[in-house]
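Swiss-Prot lists G67, P68, E69, S70, S71, G72, K73, T74 with the feature ATP binding site.
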Amino acid sequence: MSVPDRKRALEAAIAYIEKQFGAGSIMSLGKHSSAHEISTIKTGALSLDLALGIGGVPKGRIIEIFGPESSGKTTLATHIVANAQKMGGVAAYIDAEHALDPNYAALIGANINDLMISQPDCGEDALSIAELLARSGAVDVIVIDSVAALVPKSELEGEIGDVHVGLQARMMSQALRKLTATLARTNTCAIFINQIREKIGVSFGNPETTTGGRALKFYSSIRMDIRRIGAIKGGENFDIGNRIKVKVAKNKLAPPFRTAEFDILFNEGISSAGCIIDLAVEKNIIDKKGSWFNYQDRKLGQGREAVREELKRNKELFQELERRIYESVQASSSQALASACLDQEAREVAEAAK
């Protein structure tokens, strides 16, 4: 078949597809504007936003946050909710665990008066509510807390001790098949909080796994493994927070396996000032000598807590450091891209010389 004949055949096929399934059912990827634009919601931790590679969690996708107990999963999800609301968006929280603390959510920055909450009786109801909210197109982010608490209706109606093999996995697989396309169409972000379990009889390798079967792993665009790696001590040696490490276990939108560390303070949530300090020191924007932190010719304070308080007071300094961190990251990315292009060019020259 000649090139003109192939072109006419393709045009006829496209015309027939659009007649059968509607205009826009098939198109050139370059003309599909949403393929180039990724809307994001900030996580509240600048180090994590940078590790994700796109500046936050993407809208229109499924996100999974998993980790052990008291590792900051709900805190991270609530920060994303608060940031979505600050952008003028609408957020919904499906509290299957019946454990959301409205006072703590408000302390973090969530507007609890506008936050929609649902506490369904069974997993099917929870996932149906999430799908209906997403289908409305009026909700920007939906949090499901947690997958482990999504109990199938038949399990609720049965007796304690009854064996229900694969019920939850089948329920999740069926729901996610419907939910994925709806989220993409309405540009809604769905965040699933998940717990970890240990597989019995695993002698080698990692025995940890997440609940709900394999479907969520496949459908998630981003999976974040969140862990507590230490305590933050305050005055009189009392714990005032936790040091958290997040590994991006899966990322369809940027390179995966990057890590980020940040502080979660008990009465504050994620410390944005702490993230700025860590990144500014790492990028040599702030000079750390001993216990003193200096910025240009100015002493910021002695000790990390003193600098944190200074940044919380001085918003202009906070924004200036944040801007310089972004500039440093962009410069590093441009340098890495230029280096990769030079390497590729050198390889092509070497191949041509053979």
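Here, residue 1 is simply the first one shown, and the rest follow in order.
In case you wondered, yes, glycine gets a Cβ from its N, Cα and C as well.
Taking the mean position of the Cβ atoms of G67, P68, E69, S70, S71, G72, K73, T74 as the ATP site, the remaining same-chain residues with a Cβ inside 8 Å of that point are I226, R228. In this structure, the binding-site residues under consideration are G67, P68, and the one with the smallest number of other Cβ atoms within 10 Å of its Cβ is P68.
Packing around T74 (ATP binding site) is summarised by its Cβ count: 23 other Cβ atoms lie within 10 angstroms of its Cβ, all protein chains included. Ranking the binding-site residues S70, S71 by other CB atoms within 10 A of the CB puts S70 at the bottom.
The Cβ of E69 (ATP binding site) has Q195 as same-chain neighbours under 8 Å, each 6 or more residues away in sequence.
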